[in-house]
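Undergrad: Pasting the relevant annotations from Swiss-Prot:
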- 352-407, VAL579, GLU788, 796-798: FAD binding site (BINDING)
- 245-346: domain 'SWIRM' (DOMAIN)
- 1-31: region 'Disordered' (REGION)
Amino acid sequence: MTTELEIDDRKEEEAQIPGETSESEEGDEPVKMNRVKRACAMAAESLKEAKRIKNMLMEEECVLQLGNCKKTASYGHRLSKTEACCPSCFSVAFRGKDYENEFTIWKQKAMDGQTHVRSEQFVKRYVNSCFLPYYAKCHQCSKYSKLITSDSLSAQQLSDFKCDCASTIESPKIERVREDSEWCFNEFGHPPLLQNNISYDLLVDHYVTRTTGMDATCQEKAALIDNGGIEFRDTRRIMNMFYVPFTDVIANIVHPEFMETDEKFAFPKFADDPISIYYLQVRNTIIAMWLKHPFVELTVKMIEPQIIVRGHARIFFIEHLIHPILEFLTIKGVVNYGAFDFRIDPLNGMRPKIAIIGAGISGISTARHLKHLGIDAVLFEAKDRFGGRMMDDQSLGVSVGKGAQIIVGNINNPITLLCEQIGIKYRNSNFFCPLIDENGRCFTLERKELDDQVDLHYNNVLDAIRNKYQSDRNFPDVPLEVTNFRHFTEMFSKMSSGLLSAADLDSLYTPEFEKLLDFHLGNLEFSCGTHVSNLSAKDYDHNEKFGNFAGEHAVITDGAQRIIDFLATGLDIRLNCPVKCIDWGRDDRKVKIFFENAEQAAEEFDKVVITTSLSVLKSNHSKMFVPPLPIEKQKAIDDLGAGLIEKIAVKFDRRFWDTVDADGLRTEYFGKVSDCKTDRSLFNIFYDFSGKDPNGEDTFVLMSYVTAEHVNLVNVLTESEVADKFCATLRKMFPSAVINPLGHMMSHWGADRFVGMSYTFVPFGSDGDATYNQLKKSIDEKLYFAGEHTIAAEPQTMAGAYISGLREAGQIVMSLKRDSATFE
């Protein structure tokens, strides 16, 4: 085996003959001389480095002390920046009679899919894994002690370790590692691989362990040890934060083998291979701990015992990486978010004044995350209640959301996690949605083939439209009108094998086919809060290009307002404070807020977060901001659509809508197939909100909605008249049922000047990504924007609004933390 010093000796010999040139250079003397100079410089530098390492090894003690140890590492092998071994120990470790068998067994486990290995590096990996001592940190005095053992240590053992504090003296090398933030930048040692790591069981089935920085030979003792007083429970059904190869990308995941762009920006020294493995090892450990127990705050003290590796590497991880990486992931809202107690410390002693306009979920999310990060904020809410569009009604005996109540995809969804943290009940929805026409006929059960054919055709056409715009960026945008749907079918018939040819369209588009197609278009209008003629064919579903939350949809049966009430605890929320003007152009870099109530004094702040709805911005931005917002921001506000739906719920004396499919799935919602095209946005889907009232009595409630051309129905008719239309529709769908309404409730978001909408949509002619991204941009590090209208990947949802609040809180902290938002 060739040692490093032998390689260096050859470099020294080569450096003594720098003037040699190849025949191809002889014809060009200047070029030849330049090359000679460069070669001389490189050789001299190489010689200098070789001598430095040689001298260093001559002075160092061998860390292994095996067999016939030479005591010093002269002519030996460097294992890390501060650890080396002599040639004798290095050879004994894998060739000696006492260790050869162990090496063979270790090698079989360690190959881990490898067919070829670099022998010296592979042996270094073996030495790192089995021979280097552990360094345990005393939980009382924080001094490090060397522990020599052939057995691997567990997180519990490292957590419990206590030294004889008075007599323990750390070696100079330990001090050196403590002080050297670039200790890992060493080209000779093998990167340490984590043992008994908590992320192992999450990654082993999908990745080669060494590429994620784990030791495949030593993972039997991985375990969480600190539950923070809350019982451990399985969260895999709601969380999966590591990307699984060859599967669809979902929201809120990371790739365990690669750093994200913002991670590279924050930790530029670790941005490139192979050094990035050090960052990834700590990051993956932290995320795995959060994934397995997201019910208490992750702290440095909890993470330290989970970083298990032999040698000085463990000191480096603990002293230089855990804290900044945990801080970064916390600020970004990747971990340590939600509804539980945090240990709050002021950020670097700073006390900036932060105002948040609007106390809906995005505003409350911003304020709560800031508070977790050590910064207080004041929320100004125009209404006499907080919560925004998360508002429940209990008048019918069960919780019915006037606004948001549906979790759209429950895997990695922060709303699902909030429910779990708080203890709020939610019910996963099945996908059985029977379609019933106004003659009482259930297409899903009686005409299943036609129902499936229409569903396939509808989705194929939309897929063809999406594919066309993806393949041809210059293809002009058009409105996604119902009158164009048949045109789209003809236009894209050749793009999808699932579409019929134009010659078959007349036989395809029967009256029943078109009625079922209208149901799907009506459902699309509900999803966007507007008529399909207003939607961009190019970008109506622009968020589908991002990873969405996976899993089933769910209904928050306890009501979404409980989430808001919990998150708002301890925050400074000032109700009945409508804002009149925000002066952000002052020379002193302060932002001054004026209120509609003339008796309320104006207040100055360092930073202001605007979380009002898009509808409010559309109506007021021209007079609300002084000076006016940048033209690009104004255009984005004008370009994005403010969708609107209104909800109606009615209580009945019995559950008359029981329907089951062939698999016995009970109906949780059902669709109405209208005879008239214009009625498809009138009570398109009915949701079952039945449950127990506070007295434990069965309560039967259906909820539906109006949108598009029918959305103003709740304002032009009385609530009783709207409820009568609701029941009249149900009587047509269930002609033999006895339908006795006992009460009703409905929303009036469109008439609320402090809300004015439900959720956003991308109108014809707008660019979805550009518009959402412009809306989220901060201005001059003084004005910040949050809300579902500012998040391109998850608009229209509680989760999107909540995440936008975490995002802006993180942006504020990053701007305050230091001029350069790096964590090294």
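Even glycines carry a Cβ here, placed using N, Cα and C.
If you look at the structure here, what lies around each of the features I listed?
TA: Around the Cβ of ASP392 (FAD binding site), a 10 Å sphere holds 21 further Cβ atoms from the protein chains shown.
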Undergrad: With a 10 Å radius around each C-beta, find which of these binding-site residues (PRO352, GLY360) has the fewest other C-beta atoms nearby.
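TA: The binding-site residues PRO352, GLY360 were compared, and PRO352 has the fewest Cβ atoms within 10 Å.
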Undergrad: I'd like the per-state residue tally for the domain 'SWIRM' (245-346) from DSSP, helix first, then strand, then coil.
TA: 52 helix, 2 strand, 48 coil
Undergrad: Mind telling me which of the binding-site residues ASP376, ASP384 has the densest Cβ neighbourhood, counting other Cβ atoms within 10 Å?
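TA: Most Cβ neighbours within 10 Å: ASP376.
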Undergrad: Which one is it: of the binding-site residues VAL400, VAL579, which Cβ has the fewest other Cβ atoms within 10 Å in this structure?
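TA: Across VAL400, VAL579, these binding-site residues, the one with fewest Cβ atoms within 10 Å is VAL579.
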Undergrad: Provide the three-state secondary structure of GLY360 (FAD binding site) computed with DSSP.
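TA: It is in a strand.
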